[in-house]
Amino acid sequence: MKESPLITLVKRHSETHFANIKYGYYVLIISLVYLIGLALLRAFGRRTPSRSSSAFKNKIIYRLYDIDPAIHLGILFFAVLIPFYYHYSLTTQSTVYLKRLGRLSYALIPLNLFLTLRPNWFLRKNCTYTDFIPFHKWFSRIITVIGLLHGIFFIIKWAIDDNVSLKQKLILKTFNFVGFIISILVLFLLICSIGPMRRYNYRLFYIVHNLVNVAFILLTPIHSRPGVKFPFLLLNCTLLFIHIINRIVFAKSLMILNKNANYSKTNLVHVRLPRAILPDYFEPGSHIRISPYRRINPLYWLLPSHPYTIASLAEDNSIDLIIKETSTAEPGSQIESLRSNPKSFHLDQEKTYTLINSYPPSVPEECYSQGTNIAIICGGSGISFALPLFRHFFNKENVKYLKMIWLIKNYSEYELVLDYLKTNGLTFEKKLSNNKRISVFISGEYTAETRLDEITTNIDDENSEYEMGSFNNEDEDLSISNFNSENADSNDNTPETSHSPTKENGSLIEVKSKHSFTLSSELKSFNNESAQVNQNETWLFSCGPPSLLQLSKKYCNDERINFVCETYGL
């Protein structure tokens, strides 16, 4: 009798095929631990610079509390990469690590989607989505690069292997071809996200960003082996669904009640909206997001919405916006340009808009309740953030010192805000004291007429999806260097002037034209008062162009004062 031949069964997959499943779960657990740690940091952490600690220690504490991308991403990826290289040989089993890169990029997406929820109910009390803007920007780039490297390294591996056909591996195998398509889409997204490209056409970047993200989430489970359908695809689709629901449930239609604009003098405009569009209470300095399209319009989902800081308080009869609309017009044709320029966005009375939602400012709760020594510094359209804060603290009897400094380029901007105060009957005389004041610094000539050559050409707001306010190139030109005495003398022969131009608020508002501006001298009384009160009672707010924010931040670090800022640029 003949013996049967020995049959050997060969495993379909090598022993390394499932090597990365546990690593994906590990990344998910680290993401959860990071979220819990972030919630605890914001709930019990200290952002206040200690007067007894070193400047370096205070800086690290502030950056940690402020969700600085370098600090937080460093901590996150340190934890994620600890077990990345483990057990398998990098030379003989390199495929394990190439696949691990792909799983890492997909496993990090739930955390990124969660942190960009608006509103984020888990972190709502101590965070606002604007706190995560810088983190989200860099986190998204890293995830994208990791995913792209996964594809590039596999192509290189197959190309240099004589025993493998690149065409057969990359094109003829459906799973790998889907991955190749994902890599092309990701590469296109990275090109569109480069600074000059993004600024040149932000709308294109925004559309590509959203479509590629959705494609990455839905196509990767087709490409991935072993699969990532559970729990990663389920989590990602759930979070995407919540994003969509938030843009539907909280949205409502609105129309402009009134618009005060004089484009021949300034691009700063005052827009009035119905009070009913917002809840009975919202924090001073909150903002709204507006889309020119209705929810049923595909462009509502494809194009970015526009953020505007609310210049009014909750007790006012209307919702007021003080914004800058952009123009590329020649003198005499400002309105026509605003209507025709595809790179500008303006609010028009005859149109219906969609209010997506309102959002709180990135201001700690203890600031509103405990602040008694307050300084507010703003530039240009940053007045929309500064003015409601000033009014809030002005109405508090326990405030010992309050000063707002507004830096602008021409007098017409001040006229518009003054008209807004008069129209709304906002006078401060009844509660006026020597320790409460507004100082307006004008770098241009003190006249009621604005030179048309001061109206600069603008590009689409690169941060319209991410940032507050109506920051544009005009505010960016509002550099601190425009307010030094040397620059003032060189502009023309206009002497330095200082006076109070209004009867209603004459003792409160002081307008200074062609004055040199030194932050330390303007805040001398504020700094003296800070030494007399508890540290959590002294706060400095800043809003405007980068040069102003940097100056304010440095001042607070040097003097160890609580600092809150709203950025009008990336």
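Glycine residues also receive a Cβ, built from the backbone N, Cα and C atoms like all the rest.
Noted in Swiss-Prot for the protein shown:
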{"type": "COMPBIAS", "residues": "481-505", "note": "compositional bias 'Polar residues'"}
{"type": "DOMAIN", "residues": "101-219", "note": "domain 'Ferric oxidoreductase'"}
{"type": "DOMAIN", "residues": "250-388", "note": "domain 'FAD-binding FR-type'"}
{"type": "REGION", "residues": "481-507", "note": "region 'Disordered'"}
{"type": "TRANSMEM", "residues": "21-41", "note": "transmembrane segment"}
{"type": "TRANSMEM", "residues": "70-90", "note": "transmembrane segment"}
{"type": "TRANSMEM", "residues": "101-118", "note": "transmembrane segment"}
{"type": "TRANSMEM", "residues": "142-162", "note": "transmembrane segment"}
{"type": "TRANSMEM", "residues": "177-197", "note": "transmembrane segment"}
{"type": "TRANSMEM", "residues": "204-224", "note": "transmembrane segment"}
{"type": "TRANSMEM", "residues": "230-250", "note": "transmembrane segment"}
- So, by DSSP, how many helix, strand and coil residues make up the domain 'FAD-binding FR-type' (250-388)? 30 helix, 45 strand, 64 coil
- Report the mean pLDDT of the predicted model across the domain 'FAD-binding FR-type' (250-388), rounded to a whole number. 87
- Given the transmembrane segment (204-224), its same-chain partners at Cβ distance under 8 Å and 6+ residues beyond its ends are 102-103, 106, 109, 147, 175-176, 178-179, 181-182, 185-186, 188-189, 192-193, 197-198, 232-233, 236-237, 240, 301-304, 465
- Query: For the transmembrane segment (177-197), what are the same-chain contacts with Cβ under 8 Å, counting residues 6+ beyond its ends?
  - Reply: 102, 141, 144-145, 147-148, 151-152, 154, 170-171, 204-205, 208-209, 212, 215-216, 219-220, 222-223
- Item | the domain 'Ferric oxidoreductase' (101-219), counted residue by residue under DSSP: helix, strand, coil | 96 helix, 0 strand, 23 coil
